[in-house]
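These notes concern the structure reproduced below.
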Amino acid sequence: MASVVGAGAACFTISRRLLPAGFRNRFGDGCGRVVGIEGPRSSLKVRRMLTNVNATPGVGISDVCEPLPPDRPSWFPGSSPPDWLDGSLPGDFGFDPLGLGSDLDLLNWSAQAELVHGRWAMLAVTGILIPDWLQKIEFIENNFSWYNAGSQHYFTDSTTLFAVQMILMGWVEGRRWADMIKPGSVDIEPKYPTKTNPKPDVGYPGGLWFDPFMYGRGSFAPVMVMRTKEIKNGRLAMLAFVGFVFQAIYTGVDSPLDNLITHLADPGHCNVFSLING
């Protein structure tokens, strides 16, 4: 999924909650540096600057955001994050008990894998819940089943659909791989004579098609706030999709909304423990 974007001074308010305690009495840019903002005029001035400011190179793991101080928010209060998790990656709260991120190459690969899987999961969960809800309000016919989607009949045979999907997704994934190998090599930003391209940032293509208003760029924008919101929603979506699958397997009902309604009607008996005991 394209990068989650946002606008306006409200983003700066959210960023206060994500920065260390020493930073909270001033608004931060979400990337480790603090920007003093007072009143709507200053906020408007900063917002105008965003369209002309390119991303500032960081000195941490991320190509855009700089490391945060050691007293940044942690997954467990009072714990110290490991050295290889410096806070420059979105959603980094210092959680790595097995030390899997101590290898920088593996850490970068894992960050990109989590990002793309989170985006796919957000698309999947949305594609499951919206048709399910539309069926409930009788806006569409009651024959949608995401769990059995592969066995349904479409406008052509499954072999043709598979071949087309492999070609299209192979091209996209190939370009994503090339961008990981050599950041910026597949930059799609149109080359305007009076506009410089943003600094390449793997996993966030930006440009005219993915970020036309440049909300996800700029050293004064709450870049880390937006990206943290995206990765957190992606993590929730991955958990939600796994939950949908297990619900469909164990209850025989592939509608997440039906399962939710059943649970709310009798939470003491309709829950995961009753399924295990049954």
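Think of each number as a place in line: the chain as shown, counted from 1.
Cβ from N, Cα, C; glycine included.
Residues or ranges marked as chlorophyll a binding site by TrEMBL: E114, H117, Q152, K229, E230, N233, R235, Q247, H263. In the three-state DSSP assignment, the secondary structure recorded for E230 (chlorophyll a binding site) is helix. With a 10 A radius on its CB, E230 (chlorophyll a binding site) counts 24 other CB atoms from all the protein chains.
According to DSSP, R119 (chlorophyll b binding site) sits within a helical segment. What TrEMBL lists as chlorophyll b binding site is R119.
Note: the Cα of R119 (chlorophyll b binding site) and the Cα of E230 (chlorophyll a binding site) are spaced 8 Å from each other. The secondary structure of H263 (chlorophyll a binding site), as reduced to three states from DSSP, is helical. Largest CA to CA distance in the chlorophyll a binding set (E114, H117, Q152, K229, E230, N233, R235, Q247, H263): 35 Å, whole number. Most other Cβ atoms within 10 A: among the binding-site residues R119, R235, H263, that distinction falls to R119. The 10 Å shell around the Cβ of E114 (chlorophyll a binding site) contains 18 further Cβ atoms across the protein chains shown.
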